[in-house]
Amino acid sequence: MQWFEVLDGLLGKHWRNVGLAFNCTFLLFGSVIQLIACASNIYYINDNLDKRTWTYIFGACCATTVFIPSFHNYRIWSFLGLLMTTYTAWYLTIASLLHGQVEGVQHTGPTKLVLYFTGATNILYTFGGHAVTVEIMHAMWKPQRFKAIYLIATLYVMTLTLPSAAAVYWAFGDMLLNHSNAFSLLPRTTFRDMAFITFGFACTPLYFVWEKAIGMHECKSLCKRAAARLPVVIPIWFLAIIFPFFGPINSTVGSLLVSFTVYIIPALAHIFTFRSATARENAVDQPPKYFGRWVGTFTINAFIVVWVLIVGFGFGGWASMVNFIDQIDTFGLFTKCYQCPPPSVAVSPPSHGLNTTAAAPLHQPSNHTRRH
C-alpha cells in the first residue's frame, strides 16, 4: 500500500487522485533524471560517443526493465541502486579531498536570486526524494515501522549528500556552476568509472502504478504486461533526449513536484485528517509532549505548508523555470552533448613551403554557442 492509497481511505478519492498525479509525475521525471545521469556518467568513461548517443544506447538497455516480473523484485533493484548511490557519494567526497583545491578556486556562493532559489529547490529534491527508495523497500516488509524507517532514511541521505557536496564545492568552487556533473571535473580513474547511478529504482514503481490504472496488474502474462509498460518507458526515453539538462531538471522537479509530493500534501493531509476533536481522540499515535501535542503538530505542519509553498514552489519554481528556459536558449532542444568540453584539435606543424595557406576556421559545436 502506498501513501496516496492511504489518502483514499482517510480523505476520499479526490485527495488520492491529487497525490497519485504528483507521485506519478515525480517518478516519471525522476526516471528521466536517472537516465540523463547514466548517459552522462558513461560519456565521461568513454567520450568516443556523445551524450545523446549514449542516451539512445542506455535508454534501450533500460527499456528491458519492462520485463521485471513483479513489485517484489523492486527491492533487489533498489538495493543495488542504493549501493551504487552510496559508492558514488563517497567516491566524490574522497576523490575531491584527495584532488585538493584547483588553482585560483573561488567560492562566491549564489550571486543572484535565481541561483539561490535554484540551490534551495535542489535541497528540497535531495532530502525529500532520495529517502523514498529506502522507505518503499522497507514498507513492503514491515510497514508499521514507517516513521522510524523514513527518519533513518532521511538521516542516511544526509550522510551521502552533505559530505560530497561540501567536498566537491571546496575543491572546485564556482566551476560547478557550469558543470552539472561533477565527474567532469575529476580525473579519469577506475574508481570514477565504477560510479554509476541505476535507472530502475525510479521507473519500476511507475510501471506498477500504471498497471493498476489500466487494470493490468493482475495479468499473468509477462509479455502482455511488458507491452503495457512501454507507454511509460518510451516517454522517459524521449524526455531524456529532448531535455538533457541534468541540474536544471533536478531543481525544477524539486520545486514543482517534490514540494507537493513530500511536503505540502502529507502535511495538509495530516491537518485535515485530525481537524476534529473526535479524530484526535481516536488517533492511534498521539503527538509527543516535546512537540507540543496537537497544537505543536498543527503549527509545524502549517509552517511546512506555507514555507515550502512560498520558498519551494513559488520562488523556487520561478528560479528553476528561468534557469531551465535559459538552458534551452543556450543549448537548444535535443542538444548533442550538454556541457561537453569542446573537442581538442591536433595542430599540424606549419609547412615550410613558399605557398602556405591558412587553415579554414573550425566551427564550434552548436551547443556551445548562445542562440539569439
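Every residue, even glycine, has its Cβ placed from backbone N, Cα and C.
The model shown is predicted, which means the values in this text are computed figures rather than measured ones.
According to TrEMBL, the protein has these features:
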type	residues	note
DOMAIN	6-309	domain 'Amino acid transporter transmembrane'
TRANSMEM	20-42	transmembrane segment
TRANSMEM	54-72	transmembrane segment
TRANSMEM	79-102	transmembrane segment
TRANSMEM	114-136	transmembrane segment
TRANSMEM	148-171	transmembrane segment
TRANSMEM	191-210	transmembrane segment
TRANSMEM	230-247	transmembrane segment
TRANSMEM	253-273	transmembrane segment
TRANSMEM	294-318	transmembrane segment
REGION	349-372	region 'Disordered'
Field: Whether the transmembrane segment (230-247) meets the transmembrane segment (20-42): three or more C-beta pairs under 8 angstroms
entry: yes
- line: Per the Cβ filter (under 8 Å) with a sequence gap of at least 6 from its ends, the transmembrane segment (253-273) is approached by 3, 7, 10-11, 15, 18-19, 22-23, 25-26, 29-30, 33, 117, 121-126, 128-129, 132, 279, 297-298, 301-302, 304-305, 308-309, 312-313, 316-317, 319-320
